[in-house]
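Listed features, source TrEMBL:
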{"type": "COMPBIAS", "residues": "187-196", "note": "compositional bias 'Low complexity'"}
{"type": "COMPBIAS", "residues": "216-245", "note": "compositional bias 'Low complexity'"}
{"type": "DOMAIN", "residues": "22-98", "note": "domain 'RRM'"}
{"type": "DOMAIN", "residues": "105-182", "note": "domain 'RRM'"}
{"type": "REGION", "residues": "179-245", "note": "region 'Disordered'"}
Amino acid sequence: QQQRRQNNSGVDNATNDSVNTRKVFVGGLSPDTKMEHLCEYFAKFGNVESATVKFDKSGRSKGFGFVLFEDRDSTDKVYSQDLHVIQGKRVDTKSAHRRDQALARKVFVGGLDTEVSDVELREYFAKFGKIAQIEAPMDKIKQKRRPFCFILFENEQSAEEVLKQPRHTLAGKTIDCKRANPKTTENNQQNNNANNPMHAPLAHYNMPGLSQNPFQYQQQQRSQQPPSHQQLQYQQAALAAQQQH
């Protein structure tokens, strides 16, 4: 059995700090990241008591996990560092306790009309309580809203009021309201990360001649794109003018 450190008064330090304050949520993990990788990476911040990566029934990674440290100071060190990279991929870290608290205040809304606006969402759900944030993901290909969103209230009671009635009517359409869970929240986060250069695998930035800064890399990639039809026309006109002289 793993031994835990004790302070001078004989009190177990690991139990002195609440488990919730010692646990770190890690999101945006590579599909190949295992528990061992989490332990190896986060050991530099302090003694790791345990680490887990969440998998679905088929054995595929859900893209997130948890790291439990022996003391709270270690988690503070994690949060003080902006960039965390595991297996060449930038990951997100946040307090597991605060994440759970946020989930209790967050409502998943499904079956939305893709034309519904933030104003309409806010006007409807504001009657249940103060809204802290609306997360309405976009379909990058269709350039339209996806038929769902998340409503984060400022307090849990407001979310509970919404959930008393599982079905609501917004913009003439019946919508489903459920308590947000880690799975739906993580899926939304992963979809957003896929379109964010800061969350792309950093291996792509380690190519010769390319900047390792994601935003500079994106600019370099744009500069390497083939010229547009308009640019070709301009170049051809300039070349013709030179030949006439």
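Every residue gets a Cβ built from N, Cα and C, even glycine.
Automatic prediction, not curation, is the source of TrEMBL annotations.
Sorting the domain 'RRM' (105-182) by DSSP state (H, G, I as helix; E, B as strand; all else coil) yields 20 helix, 31 strand, 27 coil.
Residue counts for the domain 'RRM' (22-98) under DSSP (helix as H, G, I; strand as E, B; rest coil) come to 24 helix, 30 strand, 23 coil.
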